Every structure is written in structure tokens, then in C-alpha cells.
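Quick look at what TrEMBL lists:
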type: TRANSMEM; residues: B:12-31; note: transmembrane segment
type: TRANSMEM; residues: B:37-57; note: transmembrane segment
type: TRANSMEM; residues: B:69-91; note: transmembrane segment
type: TRANSMEM; residues: B:125-147; note: transmembrane segment
type: TRANSMEM; residues: B:159-177; note: transmembrane segment
type: TRANSMEM; residues: B:183-200; note: transmembrane segment
């Protein structure tokens, strides 16, 4: 019933988990030492958006012109409706259609 | 607290559904690499980071390259340092114990949903945690379904499911847009991410783009005289 987990798998998973958790908690604990006003604050306010934008931009560009159309539609729908699910589905629909149309 | 937990969980349902689809792909790969359901469940619970787990499964072999794996995970997950830092205001005034317990279930998805909610002023640590539990449950169901059943969907790219993540994070990024003042940081973040993605291996581009955007925002002249509260008030 229970599969065996070998030692090196436990070791690999534990190490990866420690690294990931330290980054999560470390970032939070460090943030308490950050200044709350001025330029630094401006940077921290812009960080979440910049980070997400940096995360998606290469995969948008990788889809070519249709990727830009899909992301643009997603952005417009999100701005107009604030409906994340609808924005996502319409963006995917563009890619789905583009892959059917362009062999 | 309880109400916020449920609110956070339900706010993450749409995104968690796509997490499950993505997870089923990981499950399929894991099956090919010979991971058992227990290996995968341990990894899901202990590491709980999608892209890092993909790389771990990819590197999985008879003799595990434990150190290389940990280093790869470090590079891929470096963004969590920034994610953690951005949660500072949400956690302010909370006990260390609360931070230690709640930070584990912070994934890109529930973090992004929480940051969007925070712009409306209605986020809390329990909202974040509720989302984390929802994402975790869907991640486990998806990965295990993929492992057991050879995948819920055999060709995810046929249904553009591989674009689901790009689309949802695009929507979430737009939800975080603060208006005109975000244009220069976003342009910098995008340009740096594309350059880094082209020239550097792995996931460096996320951190480089994010930090570049934040630095650009710091360089902009403060709109509100926030420096009044600081010590660097120029003598007039």
C-alpha cells in the first residue's frame, strides 16, 4: 500500500523545502527592517506588479503576435470588468484559436 | 479570521482550477520519472512551488543530484524573497509564530490574489492562508490525478492550457497596476526580463525584472512629499 521513499529522495525534498521556506520567511522578516516611507517605499509599492509583469512577458513574447493580442485582450477585459476568470478564459481562447488557424 | 479564511479560499477557486490542470502535467512527468504518489505528495507539501517542482522532477533519476537540485530550486525560487518582502505590510503587528506558520503556504497564485485584494483594503493574513490551502488542495489533486491516470488532459497545449498561467498572471498583474506612475517601472521590468530570459538560463529573469522595476520606481521623484517624514529633508 505505502510505497517506499528512499533516503536520497527524502534528502532532496528536504533540502529543496528548506531553501524555499527560508526564502519565503526570510523575505518577510527582512521587510520589517525596510524603511516605510520615501523612495524605498515607492520601489516596494511597484515591486509586486513589476515582478508579475516580468514573470509573464517572456511567455507572451514566445507566442508571437498572437501572444501579444491574447495578453492585450486579457488586460483590457481585466481593466473593464475586474473579472480574473473571464480575462483568463478570453486570453486562452485567442491562443486556442490562433493555434487552430496557424498550422 | 474564519470569514477571511473562506473568502480567501473562494477567491482562489478560479486560479486553483488552472493550478490543478498544470499540476496534472507535472503528475504525468513524475510518473514517467518513476516517482511514487508518496514522493510527489511529500514534495507538494514540503516544497509547494510549481516551477521548482517541475525542475526537480525533470532532474529526477536513479542517483539524485541533491545539491544541484537544491541550487536550481534556490535560483528559481529567489523571487519568494521579494514575494515575502512585499507581504511585510500585511503581516505587520502579527506574531513571529503567525508568520512562521502562515508563510509556508504562499504560492505565486494566492500571493497575487491577496495583493490585488489588498489594493481594495480587504486582505488579511487569513485571506492569504485560505487561498494557500485552496491552491494546495488543487495542486495535490491535480498532480496526483496526473500521476495516477496518466493525465486528465493528454495534450494540454492543444487546449491552450499551457497559456492558462500566462493569461491568469497577466490578468493579476493588470489588477495590480497603479496607474501612470507604474509605466516606467513596468517598461523597465519587461525589457530587463526579456533580456535576462534571452541570455541567462533558468528563472533569473523574474527576479531581475522585478528588482529592475522596483529600482526604476525608486529613481522617480517622490510625488507626495514623503521625505518630510524622513531625515533627508533638504535644507532650504
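Here, residue 1 is simply the first one shown, and the rest follow in order.
Glycine is treated like the rest: Cβ placed from N, Cα and C.
The stretch with the most CB contacts under 8 Å to the transmembrane segment (B:125-147), chosen from B:12-31, B:159-177, B:183-200, is B:12-31. Outside the transmembrane segment (B:159-177), and at least 6 residues removed from its termini, the chain residues within Cβ reach (under 8 Å) are 14-15, 18, 21-22, 25, 108-109, 112-113, 115-116, 119, 153, 186.
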